[in-house]
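A short write-up of the structure that comes next.
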């Protein structure tokens, strides 16, 4: 173990900061010698108090305590939630009660919260007492404990009330860091890196050097069990002794910087605000992401953004930004809010641009409304001595990923520009490989600092190829190559992002590695696009040369696995080089290390031959000379040997990147010079100026080492008929945008510029040729693809360039940079402020080769830019497809049709598509001829194609049962699900499946038992799916239709078409505690009457297997007609049955609930935060209820525990909060209501248990848990039925008595009173429903509309139209139907007219097996008011055509005219018309009286319709609106003669009535008892 001494740091003229390791004795001695007092008060929080070292410190203090002194201890609850005025007051009350006086010394032992709050206590207690800081977190050690800032938080914001109060001493004992959790340790490193970054370049470099070892040690922290006074506890332990010197030094150096700055500016009037580097933007992020994101994590992101701002303003070099970003990442800190792990950690919270700017506007550094930010000049030095005012425009650009480019109109006022592009990516990557394989140190200057080279450097280190260090403040990389002798396999994959060059070069390097221990291979992988790019020809050549390489996913692309035991033999190697010259360069550079000399023979002329020449010339610089064969074309001889590194190697600027500023000059008529690229360049793209721009009318001056271009007047570039860009393929994109602006009336080529020799550009970061054609068309520029090139039609004048909605960049740096130029030529000549800018998406992709391109375009070339925030996609605008997976016979075909109909999607069966796409017969035929393996490969290719084409186009894609058999297809499924696509696993009972498959001759036979196939695939189905749905065996038509109805609602809910919302009105859910729901279905149907949801207590189930739980959930949906489910697992500590510490099973079950698409999921707030994080991140459409139960009665409603839990729930972004306490007296109900009234940020379910807590259940507003008389017992003490709640609520005035009426004449036989009164009685509502017979609407107005107790009116004939004149507003249905059957009184005295007849029709049909969206024709018999309601209902059910027949057609013609044209109503007059119809009719409604026989002509028409064949996916169904008798003549004819399903008008009556019931009362009517009451005579 390293040893460190004690260091004292001076601040404000005193050596009061003491830094060391294990300072217990020193602290005690110093405090008692220097701070003499009668009372010492040690304040810490509960987390710190349980650390053994805290007890050891207190013991040392007790031991050294002077004889006449005493020591008191006070422990507060941990966390920012308790950093309040209330907690401060409690500490002060304690000190007053203990008789503390002005000589008291307070010791704050803890993190920043304790230091801030206890310091504020010391500042105000007895008008100020002495205090000592003992910081226990890294953040507190280097930041909050230094400088004397003290404060508490308020509801208005953090640290709003406090003071400056300097501590007597700050004892920084780094031993505390041993028990600091890993994330907190890393969190503190942000402040450490910040101080080095702004003040101490040498320390910054030291931090860079030690990052790897630091993270290795901190990541190795482990949980240990320790005994404390409070009992055994678990703590994080990090063995910092391994890095003690480094940790001590980083703490000390950071403190020195802050102490120096504070001493110069104690009250933060100038210099001290430099310490806020990263904080202006970081604090804004923190305000939105707290508490999931820690302070240091947000400051880390803020530092990167503020460094990028400094670069954007031409103050900081790109190299310095890259260093800062790299070191932050190296210490485990986030550098962007979009990093995957950080987004997951922060629950995907959004950080809207305008909110960030608003948060920044309240920064204390600001100058009024002007935002001020600390800018960086270089690592170790700030720009100026205080923060600088920056514009919102510049901030917007830095904070967003979309660039807005304004016309380049104003740039011509500037003089010539000298631009030095970053180092060449091609040369940088080659130099790194050669230097790493070479022997000795090589200083590489002007290296490109980009994503590509970053991945290459990391890979070189990971393979132990070289030792890497930096000089010249990070501008020079020093590669100490090991000569190829130390290359060893890696146990971690080499992740290469989308770095194609690195992947190809490293594939050959990997063939040279040696195994070591368990490490016997190298895996190369990358991002999704990288895994599509080709590497096949290179791999094939390596394989033929003895290297064992496996593809781990798609054949021909990464990831690949290179086995270390195989050898790169050498000898003659044949290579196909028409796709990429990088294959050739890769083998060339590694060839000297083969076992024998290499002869590399290329199969024909290689693409981009100049890049091969570049490689050969560079190899010679490093000591290996390649000889070209004199006898064979494109053949090279490479001797064995070892590279000898030159002392220095200077990378040329990237010639491809240089084309952008040169093209800028060409387009704008300005002058640009590139000072380090000329005609002697290694790079083919150096010819761009002479070969492309000069013939187009530019003035070009090129020397051996520099290139200058001056453009003609804007709009006068001349077209170039043809250019072969094979030597400079990457520059073709720049040529395209210049060509788009070229025009000449004398041109022989008709302004069509042909570019060839660029076929390889189709397999770069994207298909660049197609990308250019597609994006140019958005500007109004015509372009066509050629087999090896592109043709671009230049516009006749710049004013013809159009403004595109947005430019897609395809995550391709060259696409983005090219179109940033053309964008500036749109509306050229107009003032930028008067024009709509061009939006360029994903602008940060330029970081691959030129991270500072936008900065150069803005600050050096003078372009006007702004930033734009991508708008979140509206779910309604996205038709994200649904993929169905599951075993054969799982119902994918049937359910697929249901799914497509419910969503209005198209259905695509992958097996049918296979036959069409490949033209090789059916799947069964193909398998018989070619075997399963060949089929699986083809299936994967097809599936990838289908997803690419249809994933956002509204398709239901039904796959074969074995789609999960291949890793490639599983990856496609997982990626689709990860981006929000629905992958739905359908399954049935496996025994039923086996039984069915044994009798199905249409499918290719399995070569193994079905159960074995299921056992193998089951885990894959779970892994790949985002949702699961269990389909039970249906033995009757009714069961089948019930399942269809349930599935339709399920699929619409999980896709967001039927959103699930937390109720905003009084609502309840019934609690089910059965061990098995299946035997209790009838009881459950009755138990849910009047409820908005049903809770299944999963902890009570007899079996926790996924299969059992999913079967229970489907059964519950079927029993309750898809009532929303509350999925609850209650642990024992929270009053349930589930084991408290079985977190793995609990999380698995919660995931089952989410994948089952439950509408609500109860998530206990006491569960470990990682479980919270994972569940919240995959909540999909499920609403989360954050719950906390106090069964022990430990906490009153005034206790801070509830405040803490409420803040926790808000921070977790749950959708509703549920708090359950235990009432000890009636007054607890009043305390609860006081709490409820103050906590309104989220919907709150808050109740007390026990008898004396019943009132709280009555007063609770939303989702009150209830029991039912039909259940065996209540789920919790004091639980009430819905009827009891309503009766009690009414008795205390919560529900006022109301009167409802049916009006019209005659109404003597009306069943409405019995319908509604049955519902009121069942639910305990204080309402009555009576008849009010009249044929005068005016009497209704005078007698009823003026009543204060009026709750609603049902209107029947003859008043449905007459009453409308007295109403204030009509619903859309009432307007369209032209009649009102429901009057709704509003609180403001207005009356709304509604029509529920159409709902009665629609819901009656749906209840009898008709889907919500029929997608077929409908038939209406009759022409009265009910016929109009039927027409409206049919339109809402998406009937394609509505046919109408009647005894007299004149009435129908008038009715047809009164409806909108989109209803597509057709009046049928004759039988001949019916015979000519081809469209099937699936639903019908009879609206003619049932007390008289049908007219013969009408009866014939009806029979003609009913006898036509029906091609619907459901039984054709007819409703007779007449409800007496139950079976009318029309229903008898339809069912008995023509096989239609009959639906009685009594159902329509009840359905329209329960719709009224819900509108008037807010409660769901109990359908079954209401229906029974209505239909019984």
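Placed from the backbone N, Cα and C atoms, the Cβ positions cover glycine too.
Per Swiss-Prot, the feature active site, proton acceptor maps to 268 (among others); the stated evidence is sequence analysis.
The active site, proton acceptor annotation in Swiss-Prot covers 283 (among others) and is backed by sequence analysis. A sphere of 10 angstroms centred on the C-beta of residue 283 (active site, proton acceptor) encloses 22 other C-beta atoms.
Positions annotated as active site, for EPSP synthase activity by Swiss-Prot: 845. Neighbour list (residue 845 (active site, for EPSP synthase activity), Cβ cut-off 8 Å, at least 6 residues apart, same chain): 809, 811, 812, 813, 815, 816. According to DSSP, residue 845 (active site, for EPSP synthase activity) is assigned to a helical segment.
The number of other Cβ atoms within 10 Å of the Cβ belonging to residue 1189 (active site, proton acceptor), over all protein chains shown, comes to 21. The DSSP secondary structure for residue 1189 (active site, proton acceptor) is strand. If you look up Swiss-Prot, you'll see 1189 (among others) marked as active site, proton acceptor.
Residues or ranges marked as active site, schiff-base intermediate with substrate in Swiss-Prot: 1218. Its Cβ placed at the centre, residue 1218 (active site, schiff-base intermediate with substrate) has 27 other Cβ atoms within 10 Å.
Here Swiss-Prot flags 80-83, 111-113, 116, 136-137, 158, 176-179, 187 as NAD(+) binding site, drawing on sequence analysis. When secondary structure is read from DSSP and collapsed to three states, residue 179 (NAD(+) binding site) falls in the helix class.
The feature 7-phospho-2-dehydro-3-deoxy-D-arabino-heptonate binding site is assigned by Swiss-Prot to 127, 143, 149, 159, 191-194, 258, 272-276, 279, 295, 364. Within its own chain, residue 279 (Zn(2+) binding site) has 299, 302, 363, 374 as residues 6 or more apart in sequence whose C-beta sits under 8 angstroms from its own.
Look at Swiss-Prot and you will find 191, 279, 295 tagged as Zn(2+) binding site. When secondary structure is read from DSSP and collapsed to three states, residue 279 (Zn(2+) binding site) falls in the helix class.
Annotation comment: Swiss-Prot describes 886, 887, 888, 889, 890, 891, 892, 893 as ATP binding site, evidence class sequence analysis.
Marked as region 'EPSP synthase' by Swiss-Prot: 405-863.
Feature annotation from Swiss-Prot assigns region 'Shikimate dehydrogenase' to 1297-1577.
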Residue 275 (7-phospho-2-dehydro-3-deoxy-D-arabino-heptonate binding site) to residue 191 (Zn(2+) binding site) - Cα separation in whole Å: 9
Recorded positions near residue 295 (7-phospho-2-dehydro-3-deoxy-D-arabino-heptonate binding site) (Cα-Cα within 10 Å), from 111, 283, 889, 893: 283
Rounded inter-Cα distance in Å - residue 891 (ATP binding site), residue 136 (NAD(+) binding site): 60
Least Cβ-crowded entry, counting other Cβ within 10 Å, from the binding-site residues listed as 111, 886, 891: 891
Candidate with the highest Cβ count within 10 Å, taken from the binding-site residues 177, 193, 275, 889: 193
Inter-residue Cα distance where the pair is residue 272 (7-phospho-2-dehydro-3-deoxy-D-arabino-heptonate binding site) and residue 889 (ATP binding site), in Å: 71
Rounded Cα-Cα span from residue 1218 (active site, schiff-base intermediate with substrate) to residue 888 (ATP binding site), Å: 43
Rounded mean pLDDT for the residues that make up the region 'Shikimate dehydrogenase' (1297-1577): 93
Count of other CB atoms lying within 10 Å of the CB belonging to residue 888 (ATP binding site): 17
Sequence-distant neighbours of residue 887 (ATP binding site) in its chain (C-beta under 8 A, six or more apart): 961, 987, 988, 990, 993, 1010, 1013, 1014, 1017
Neighbours of 886, 887, 888, 889, 890, 891, 892, 893 excl. site residues, C-beta within 8 Å of centre, ATP: 961, 986, 987, 988, 993
Closest of 111, 179, 283, 890, 1218 to residue 193 (7-phospho-2-dehydro-3-deoxy-D-arabino-heptonate binding site), Cα positions, recorded positions only: 283
Cα-to-Cα gap, residue 111 (NAD(+) binding site) vs residue 191 (Zn(2+) binding site), nearest whole Å: 14
